[in-house]
Amino acid sequence: MNMARDIWFETVAIAQQRARKRLPKSVYSSLISASEKGVTVTDNVESFAELGFAPHVVGAPEKRDMATTVMGQQISLPVIISPTGVQAVHPDGEVAVARAAAARGTAMGLSSFASKPIEEVVAVNDKIFFQIYWLGDRDAILARAERAKAAGAVGLIVTTDWSFSHGRDWGSPKIPEKMDLKTMVTMMPEALTKPRWLWQWGKTMRPPNLRVPNQGARGEDGPPFFQAYGEWMGTPPPTWEDIAWLREQWDGPFMLKGVIRVDDAKRAVDAGVSAISVSNHGGNNLDGTPAAIRALPVIAEAVGDQVEVLLDGGIRRGSDVVKAVALGARAVMIGRAYLWGLAAEGQVGVENVLDILRGGIDSALMGLGRSSIHDLVPEDILVPEGFTRALGVPPASGS
């Protein structure tokens, strides 16, 4: 009798269930956290269910092509890894995610708050976009960008939509400032209830890394997470002139992440960006912001012929990806979905999540009678009246 554990899971929802089962409560809560009441994070997911398909009954293509490019990188499906901070839910963290993305032929955004240095991540995946928050002065920001370029990053993602919202109805995740002996003793009762997670970390002979090595110079441990976070809170928010300045400094593809308004999308184009991501920071930003998919169609129509438009927020199925692409996205970025896979099964779990999305994309293309994601059009999607949100659009003359 084969007693080997079946590690494969069928849906992203099952990956989430496994992550909840295997992680200490405080660690798992950091993966589901959202700002305030959680209106936006809920809308991100549930809004996709409001969209329908217009399938064909005969003439489905024998083969379906999902390949595309994002910021100059050829990828095998229109899904890339979104940058998320401190992936210490698994000892291999961002390195495991990068390996999984490479194995499935796609690119990865690496957070400047990552738990692994960029040099280690680029070593296993040469399609890395480095993400930067506006933290510190221009010299410090430029130094991080130059380190990323030297390491081999092929693009820059700038995230500026964070508003430091306070208060979560279900409580904020309890992340210690440092993993010293006192902290480990305090957390031990909780960790003992999750022996598999404890065993994974025990094998490494080191506690979870709560430092952010990409905020310092190469070879340094970097500051503790909360020290860097505090500096970020104390840094004046960037202006459009700052974005244009950084764009001039970076010789390569450049994405502005967090765009939800048409007027901001147009300003981003004027600043010279290569791509934008229609996003509300996964519901971790200003609660009450519309779901990204609601804002996508109007933004894509306004600037989609000038820059690459991506979407992130709420992707749980391949059919969600197809809906986003049909409504104007070049590709989507995923966050919580792959973190749950990482927590559940490490690199294999992330690969599993990408395989789930690939299968769902293929099935939806077949049903719609489309041989390629590039053949998708808005008419393939049933969009109910009142679904879209046109933010930052001047009122019509005479209205």
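Note that Cβ sites are derived from N, Cα and C of the backbone, with glycine treated the same way.
The FMN site recorded in Swiss-Prot comprises Ser111, Thr159, Lys257, Asp312, Gly313, Gly314, Ile315, Arg316, Gly335, Arg336 together with one of Gln87, Gln131, Gln347, namely Gln131.
Summary for the binding-site residues Arg316, Arg336: the Cβ-based neighbour count within 10 Å is maximal at Arg336.
Across the domain 'FMN hydroxy acid dehydrogenase' (4-386), the model assigns an average pLDDT of 91.
With respect to their backbone Cα atoms, Arg168 (2-oxocarboxylate binding site) and Asp312 (FMN binding site) stand 21 Å from each other. A separation of roughly 19 Å, to the nearest angstrom, links the Cα atoms of Arg336 (FMN binding site) and Tyr133 (2-oxocarboxylate binding site).
Contacts of Thr159 (FMN binding site) defined by a Cβ separation under 8 A and a same-chain sequence distance of 6+ are given as Pro83, Gln131, Ile132, Tyr133, Lys257, Gly258, His281, in order along the sequence. Gly314 (FMN binding site) carries neither a helix nor a strand DSSP state and counts as coil.
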